[in-house]
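According to TrEMBL, the feature domain 'Cytochrome c assembly protein' maps to A:19-186. The transmembrane segment annotation in TrEMBL covers A:21-44, A:64-84, A:96-118, A:130-150, A:162-182, A:202-224.
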Amino acid sequence: MNLNAFWEYANPKKFIQTADWLLPWFAGLAAVTLVSGLIWGFFFTPADYRQGSTVKIIYLHVPSALMAINAWLMMLVTSLIWIVRRHHVSALAARAAAPVGMVMTLIALVTGAIWGQPMWGTWWAWDPRLTSFLILFLFYLGYIALWEAIENDDTAADLTSILCLVGSVFALLSRYAVNFWNQGLHQGASLSLDKEENVADVFWYPLLVCMAGFVFLFIALVLMRTRTEIRARRMRALLARERMGA
Amino acid sequence: MMPDLGKYAEAVLSSYAVSILMIVVLVMLSVRRSNRVKKELQEVESKVKSNG
């Protein structure tokens, strides 16, 4: 693959053209997979012999937790591109992804608490995975607040990129906490290549469709929000030029 | 049609309601801001063009 062709998308105009073309496809895919996956999981899967009908929460909890972590990792990659190559589109893509990632983290935390209450007898425990997810949520809040607080776009992109690098530690901790901390209430990873550890097929297939739905939703929202951030940045630049000319 | 959720019905239904609500609000706010910024940019661009 020609890497130079990839950098063409760092051109705001080219990015907007591509996003205009891709957005309806990803939005359509997100709608179809999310609706069908959730209907399949909610209406057509049995109750679990241990967890009863609460197992149906898995179709929201696992995909949202997956996207909460991967959204931050996507922000990490685009922040690194900004730091190294100074492409504005990459910094704006990170900015655009943050509220989406924050909502995904919030869904994972809320559904986890609602699921935990009947299973563990408590809404919350200072368990390694739960705590690292809460810290990840606070990092999302801080990241969004930092973008809003700084007027100069380049300075904001610099500082938020550094914050993103620091927060990546917690994003990775959220992912791997269950693997290396055995204490805590949270069960091991629901998804595993080990057939014995992975969830049963009857839950796995609709879960796979829901995860695809969350991924497509994330891509569609980030494309749309990045396009919006590019336009907003151009508008700020034009208004600043007008003010200087007046 | 509605599956029997037993004693956990409240937990399951509230999880779905809260999550779907959050997703719908996120999508609506993103679409609304996208339309608003696009319109405002067009206005600013036409104003800049007319000012030379």
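Including glycine, each Cβ sits where the backbone N, Cα and C put it.
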Same chain, outside the transmembrane segment (A:202-224) by at least 6, Cβ under 8 Å from its Cβ: which residues?
19, 22-23, 26-27, 29-30, 32-38, 40-41, 44-46, 48, 55, 58-60, 62-64, 66-67, 70-71, 74, 93, 96-97, 100, 104, 190
For the domain 'Cytochrome c assembly protein' (A:19-186), what's the model's average pLDDT?
92
